[in-house]
Amino acid sequence: MSFLSRFVCAVPRQAIFRTFSTLTGSSGCKYLPESTFNTIQKVSFCKKSAKGKDGDLKKKCAEAAKKEKEAAEKKKCAEAAKKEKEAAEKKKCAEAAKKEKEAAEKKKCAEAAKKEKEAAEKKKCAEAAKKEKEAAEKKKCAEAAKKEKEAAEKKKCAEAAKKEKEAAEKKKCAEAAQKKKCAELAKKEQEAAEKKKCAEAAKKEKEAAEKKKCEERAKKEKEAAEKKKCEERAKKEKEAAEKKKCAEAAKKEKEAAEKKKCAEAAQKKKCAELAKKAKEAAEKKKCAKKAGEKGSKQSGSDKGKKNGKKNDMKNKCAMLAKKAKEEALKKKCAAAQKKCEPKK
């Protein structure tokens, strides 16, 4: 049985009618696949030998089936390649997001550590200032106590000198009284001449004693006045020296504070400039990365793979350079901060 007779037996009459309608130019068929109709359209229904028709039709059907199989395999391979590409892109995006998250966490930790360090340094400076203030107050109290002690000793010495002076005066008065008593006894015992002589002698002695007493008193008063004058001069000189010393110390502290303030301002400015440069470098890197991604999307599949590898390598190099730059910046800031710290 030839292929056409088998085809007529197997296929309904309506399908055969539609097949010949397709060959004559009309469209549409609901019974056979499009590939089969494409193959049948190429078959000639002229009156030729049944064997020749059979062989050509089988060959054409085999070629059509082979082409369909190859097209299906190509479609399947293209879909698999597309899925692999999408998976690779998702993985790449996930890794980039993970790296950005890690960088943000590192930055956050570094900022927290920096704040803790600054708080510790502020606390340390406050404690040092408190200790200096307490030491200054102790020194001031010690000096005040010393001055009070010296004043008490001076007062004690003055009182002792006064008592000694009063005792000397009492002694002199007692001696004078004794002499007067002796003179009176001598006056009574002796005659009028002797009485006159004793009176004159007593008068002379009294005048000499009074003169001596006045001279001693004047001398002591002069010495006391000179001593007081010298003490006041020494006290004024001491106070002037202390004032000068305090003024110089205050001037030095003020200069040191101004120098420290200038150094801190310079360091802050330097750190701000370094941070600005790092930020600009990061922005440039981000722009370069976006440009690289855009270029890789526009290129073909093979070219995209090569560009992707190049972009990956560039990104890795940029990340390494960024990390090295951040480490150098951290070291530089730490060294500058160490220089700004007050020496113990």
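All residue numbers here begin at 1 and follow the chain in the order shown.
Positions of Cβ are set from backbone N, Cα and C atoms, glycine also.
Residues or ranges marked as compositional bias 'Basic and acidic residues' in Swiss-Prot: 285-315.
Sequence-distant neighbours of the region 'Disordered' (206-244) (same chain, 6+ residues past either end, Cβ-Cβ under 8 Å): 165, 172, 176. Among the features that Swiss-Prot reports, region 'Disordered' is placed at 206-244 (among others).
Residues or ranges marked as region 'Disordered' in Swiss-Prot: 285-318 (among others).
The repeat '3' annotation in Swiss-Prot covers 106-121.
Annotation comment: Swiss-Prot describes 122-137 as repeat '4'.
If you look up Swiss-Prot, you'll see 138-153 marked as repeat '5'. Mean model confidence of the repeat '5' (138-153) amounts to 90 (pLDDT, 0 to 100 scale).
Swiss-Prot lists 154-169 with the feature repeat '6'.
Non-local neighbours of the repeat '7' (170-185) in the same chain are 198-199, 201-202, 205-206, 209, 213; each lies 6+ residues outside the stretch with a CB under 8 Å from one of its CB atoms. The feature repeat '7' is assigned by Swiss-Prot to 170-185.
Taken from Swiss-Prot, the feature repeat '8' applies to 186-201. In terms of DSSP helix, strand and coil, the repeat '8' (186-201) has 14 helix, 0 strand, 2 coil.
Secondary structure of the repeat '10' (218-233), assigned with DSSP and counted as helix (H, G, I), strand (E, B) and coil, comes to 16 helix, 0 strand, 0 coil. According to Swiss-Prot, the feature repeat '10' maps to 218-233.
Among the features that Swiss-Prot reports, repeat '12' is placed at 250-265.
Taking H, G and I as helix, E and B as strand and the rest as coil, DSSP gives the repeat '13' (266-281) the counts 16 helix, 0 strand, 0 coil. What Swiss-Prot records for 266-281 is repeat '13'.
Swiss-Prot lists 282-297 with the feature repeat '14'.
Among the features that Swiss-Prot reports, repeat '15' is placed at 298-313.
Positions annotated as repeat '16' by Swiss-Prot: 314-329.
Here the repeat '5' (138-153) has no Cβ contact under 8 Å with any residue of the same chain six or more residues outside its ends. Broken down by DSSP into helix, strand and coil, the repeat '16' (314-329) contains 16 helix, 0 strand, 0 coil.
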